[in-house]
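These features come from Swiss-Prot:
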type: DOMAIN; residues: 6-77; note: domain 'KRAB'
type: ZN_FING; residues: 212-234; note: zinc finger
type: ZN_FING; residues: 240-262; note: zinc finger
type: ZN_FING; residues: 268-290; note: zinc finger
type: ZN_FING; residues: 296-318; note: zinc finger
type: ZN_FING; residues: 324-346; note: zinc finger
type: ZN_FING; residues: 352-374; note: zinc finger
type: ZN_FING; residues: 380-402; note: zinc finger
type: ZN_FING; residues: 408-430; note: zinc finger
type: ZN_FING; residues: 436-458; note: zinc finger
type: ZN_FING; residues: 464-486; note: zinc finger
type: ZN_FING; residues: 492-514; note: zinc finger
type: ZN_FING; residues: 520-542; note: zinc finger
type: COMPBIAS; residues: 549-558; note: compositional bias 'Low complexity'
type: REGION; residues: 549-569; note: region 'Disordered'
Amino acid sequence: MSKDLVTFGDVAVNFSQEEWEWLNPAQRNLYRKVMLENYRSLVSLGVSVSKPDVISLLEQGKEPWMVKKEGTRGPCPDWEYVFKNSEFSSKQETYEESSKVVTVGARHLSYSLDYPSLREDCQSEDWYKNQLGSQEVHLSQLIITHKEILPEVQNKEYNKSWQTFHQDTIFDIQQSFPTKEKAHKHEPQKKSYRKKSVEMKHRKVYVEKKLLKCNDCEKVFNQSSSLTLHQRIHTGEKPYACVECGKTFSQSANLAQHKRIHTGEKPYECKECRKAFSQNAHLAQHQRVHTGEKPYQCKECKKAFSQIAHLTQHQRVHTGERPFECIECGKAFSNGSFLAQHQRIHTGEKPYVCNVCGKAFSHRGYLIVHQRIHTGERPYECKECRKAFSQYAHLAQHQRVHTGEKPYECKVCRKAFSQIAYLDQHQRVHTGEKPYECIECGKAFSNSSSLAQHQRSHTGEKPYMCKECRKTFSQNAGLAQHQRIHTGEKPYECNVCGKAFSYSGSLTLHQRIHTGERPYECKDCRKSFRQRAHLAHHERIHTMESFLTLSSPSPSTSNQLPRPVGFIS
């Protein structure tokens, strides 16, 4: 686009005293606003402009009308510009011919003219260029009218128009002009007033905004300050440093936000829950929790998210992209936070410490879940059975009990599981893998939870306490079972006889009465039992018999030995 210089005279509209008196207060205010804004726009763009007298008068609040200079006529004095208006189109005749295009600066203007006597004087490029200049002007529907010819023509079979290719605005200016009665009384002033009133309202200059171009990436800006900030992306310049931690930033606004980390300032507060934030953007994201708004939708699966960052992370599920790689072991992750958490495995860092028991965790989420052991908080409740859980993941897993869903299947034996963790543990039955070893006794386990439970046998730790009787347990499952003593809950019912039990293991043992199953067999006598405890008791008989045989007691002493008591199987 051409960058011809724009002068204030190109965009200024001057009124004589007589014309100024025609304007009502609203129109005069509009004139002041447009004139001052155009002047300031040129100054802000670095255009060398000496302050015109009319601007000085406007700034002082004085009447800006100018003494009209007679006898100054342009190259085509018989023409004026007005915007298409239904009030005037009925009185003004127009003429048409095939469309032509003339270049004015860098603007391509389409115009039509079909009156022979008008062509020679008014269709030169120099005339248009003199009238419009090279600035961009929103002239969506511009009509050319001729003062001398039009009154002589009475028919309405011609139509002429001069339109720009920029059809972005259609102006409605019917209310900008005097009523018909006043217009007829002051016909000489009407044309001049009409022209300048339209120019005042709509001949607002939009100087080419893309004036400043980045030499590295060709991106354009309308302000030098924006370009300067942008160029720091390429140069890496970060001139704003935090005096607390030395971290640097490319923008002062980013430094101001960062400082709130040190000061703890959180000036942006949610009106719903009173939660405060250090940045307005964080508040905006948080408010979607209350409104439920999820404006970012995945094109693949239509899942919606409240934050664009969450959508970006989710899309990697479809693409399989894992751009964040651990430099220690090469494991890759779909987002940076997962990598940061993973790296603590290598460093052993556990920055999150429980203020009750002092236990430390590598992830903040683990600490929050752990603290619910102390508080007893279970915020996630099942709508089916009202059972509550301390973690949402546990609720999701539990709900599969009601739905019967078992989406995770073993490829070896086709056994299905409701949780992927159960599948992982099960697969170790086939592989024999026991990766979790106790450092105290060397005993190995197939899953970490079993190791954690086992280690409490060495430490004596019993973190799970019954609120009713203060009895403690090493396992949460043990506490859950114990609490049924107080509640009387018996959720496990036999589908044969209807008898109910508080423990699933008790139901399993009971059902063997109906099925006749005796899975525990003695290796010595092949006798079988329904329960492992019964088998263990029975095996002591053989142990005692072996002891008696080896010791070879005399008949007198043998009568004094206790007789083994048989167990009813």
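Yeah, the Cβs are placed from backbone N, Cα and C, and that goes for glycine too.
With a cut-off of 8 Å between Cβ atoms, the residues of this chain six or more beyond the zinc finger (296-318) that come close are 285, 288-289, 334-335. The largest share of C-beta pairs under 8 angstroms with the zinc finger (352-374) comes from 380-402, of the ranges 212-234, 268-290, 380-402, 436-458, 492-514. This prediction places the mean pLDDT of the zinc finger (520-542) at 88. It is 492-514 that, among the stretches 324-346, 380-402, 464-486, 492-514, forms the most Cβ pairs under 8 Å with the zinc finger (520-542). For the zinc finger (324-346), the DSSP-based tally of helix, strand and coil residues reads 11 helix, 4 strand, 8 coil.
Among the stretches 324-346, 380-402, 464-486, the one making the largest number of Cβ pairs under 8 Å with the zinc finger (436-458) is 464-486.
For the zinc finger (324-346), same-chain residues at least 6 beyond its ends with a Cβ under 8 Å from one of its own Cβ atoms are 313, 316-317, 362-363. Panel annotation: around the zinc finger (464-486), residues 373, 376, 453, 456-457, 502-503 of the same chain, lying at least six beyond its termini, place a Cβ under 8 Å from a Cβ of the stretch.
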